[in-house]
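Undergrad: So Swiss-Prot has the following annotated:
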BINDING   His57, His59, His101, Glu103  divalent metal cation binding site
Amino acid sequence: MIVKRPYKNLGFADHGWLQARHHFSFARYFDPDRINWGAVRVWNDDRIAPDTGFGMHPHKDMEIVTYIREGALTHEDSLGNKGRIEAGDVQVMSAGTGIVHSEYNREASDTRLFQIWIMPNQSGHKPSWGSRSFPKKDHAGRFVVLASGYPEDKEALPIHADAAVLGATLNKGDVINYPLEEQRYGYLVVSKGIIAIENCTLQEGDAAGLAEVETISIEAKEDSEIVMVVTGAKI
């Protein structure tokens, strides 16, 4: 099963400094049919204006993965962590028993990012934060695991979830196959370009919910960049 979610149909919020598209119910956007996909609870497509951002605010019991598409983001939290991540970088914040943090675009141009919230495998984990650079040349033509709750993914940022976050950059004409397995769920979003999954064409910003399929075949119709979360049984 492939469920297409066009960019134009996503939830939308205009805060002036923040333009946000919501793949799932979030804040004032609510759709009873769009609560989660597997363990994916939130997927926000954000554009943050220069010298603006999110002030200190709390989170609890959620694995929050930030994928920078353009620009950069500066993070600070109640654990004493400070960091700046830019395009090609990934940040993971495990909220666990509770964390307070801020995120600002301190740059001269817009920052574009995906922020993905994944439900943890249990509540009460110790909060933590980490980031890592994943040069796009390292995942050209193939999926690279960016964050994962599985011990075999030793190069990925760790999360406390039955899930993995994958990224790939594709040249026009590239085809990659991924063994999803029927009992697992996938949620894929196009960060750049145009791709086809079987007979489903996705453009920049579009998404596909994947379920009950053994293997997915992805073809790049032009140079493309994609992000996918694979999770266990639907929660």
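Any Cβ shown, glycine's included, is placed from N, Cα and C.
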Undergrad: Hey, which of the binding-site residues His57, His59, His101 is the loneliest by Cβ count within 10 Å?
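TA: Fewest other Cβ atoms within 10 Å, among the binding-site residues His57, His59, His101, is found for His57.
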Undergrad: An 8 Å radius from the center of the His57, His59, His101, Glu103 Cβ atoms defines the neighbourhood of the divalent metal cation site; name the other residues of that chain inside it, in order.
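TA: Not counting the recorded site residues, we get Phe54, Met56, Pro58, Asp77, Met93, Ile99, Val100, Ser102.
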Undergrad: Around the Cβ of Glu103 (divalent metal cation binding site), how many other Cβ atoms lie within 10 Å? Please give the count over every shown protein chain.
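TA: There are 23 of them.
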